[in-house]
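**Student:** Before we start, here is the structure in question, set down as structure tokens.
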């Protein structure tokens, strides 16, 4: 039966799409460009003295942008401020759970292949409670402005599990399809299955990163993928719907390849800006305090833009008094700001924070 937006799409076809070449010349060209950008990103990340900078920072930026796509709005500043404590308002806590979900997913695929069980674990981390495959009927996705129904996903837990099993087989199919194209196609299918009551979009975007890691195109979750999506959020949803309504697969794949390329290039630019900032602050810190000559202290200052006295004391194996004197010396030199957050005093590497949060 023809697809209708208000009728459950129980006839959602399995992957790959029938009688369609997913890699025509424009897709092959875009794939090469995206792969080149990812390789350049990997090389740039290896030049950082401390790669933990990216592993700590990029997942938080990704969490903020991916959550904003779903209208869960917080700021990167708030996320960095509460990254260790898990505090903040409701939106901040929800976005921080995205980072936890991403790390849980990465840990999972280091030990076993990506499966629908991985998706359940990711969604559970996102929601802060145990999630299960959607059983409720009458799930409808509406335009947030007009409230018009734009899509009704498949219904019935058994049918959803069946479609997820087929999705899983496609994800791990042994064929010649490029992993980037596979990721784009699998992302549409996961969104169309809509296996959970809530959190599908964010779960799907975590899976994108996991697929790139599993394919060896990334080693760590350092690709700020949702930044490009939030910049063209309307295109993201329009092109998803166009696959369902019109079978517009190639347009969707090209869009996702552009997102990967753009994200890799912008993350590479951010790495270069971080290196410049790090070198400048290290030189000024050495002149401001004895602690500035401590490599571990400088590393701590650039793992997160908000720093605690206890963190410096623990990581540098010095007393709280010494850690405090080092940090206050940098405040006096204008390299850090100190702020009170609740009962805690935090030291802000404001130049680093600016580099992390500004567009590249």
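From the backbone N, Cα and C atoms, a Cβ is placed for every residue, glycine too.
Sequence annotations record features per position, and here TrEMBL assigns active site to 194. Residues annotated as compositional bias 'Low complexity' in TrEMBL: 1-10. Annotation comment: TrEMBL describes 114-258 as domain 'Fido'. Annotated region 'Disordered' per TrEMBL: 1-20, in sequence order.
Help me picture where these features are in the structure shown.
**Tutor:** In the three-state DSSP assignment, the secondary structure recorded for residue 194 (active site) is coil.
In terms of DSSP helix, strand and coil, the compositional bias 'Low complexity' (1-10) has 0 helix, 0 strand, 10 coil.
Across the domain 'Fido' (114-258), the model assigns an average pLDDT of 94.
Residues 137, 139-140, 149-156, 159, 163, 166-167, 170, 177, 185-186, 189, 192-193, 244-245, 247, 249 of the same chain lie 6+ residues outside the region 'Disordered' (1-20) yet bring a C-beta within less than 8 angstroms of a C-beta in it.
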**Student:** With helix taken as DSSP H, G or I, strand as E or B and everything else coil, how many residues of the domain 'Fido' (114-258) land in each class?
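**Tutor:** Across the domain 'Fido' (114-258), the residues distribute as 88 helix, 5 strand, 52 coil.
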**Student:** List, in sequence order, the same-chain residues at least six positions removed whose CB sits under 8 Å from that of residue 194 (active site)?
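**Tutor:** Residue 194 (active site) has long-range Cβ partners 134, 139, 141, 153, 154, 200.
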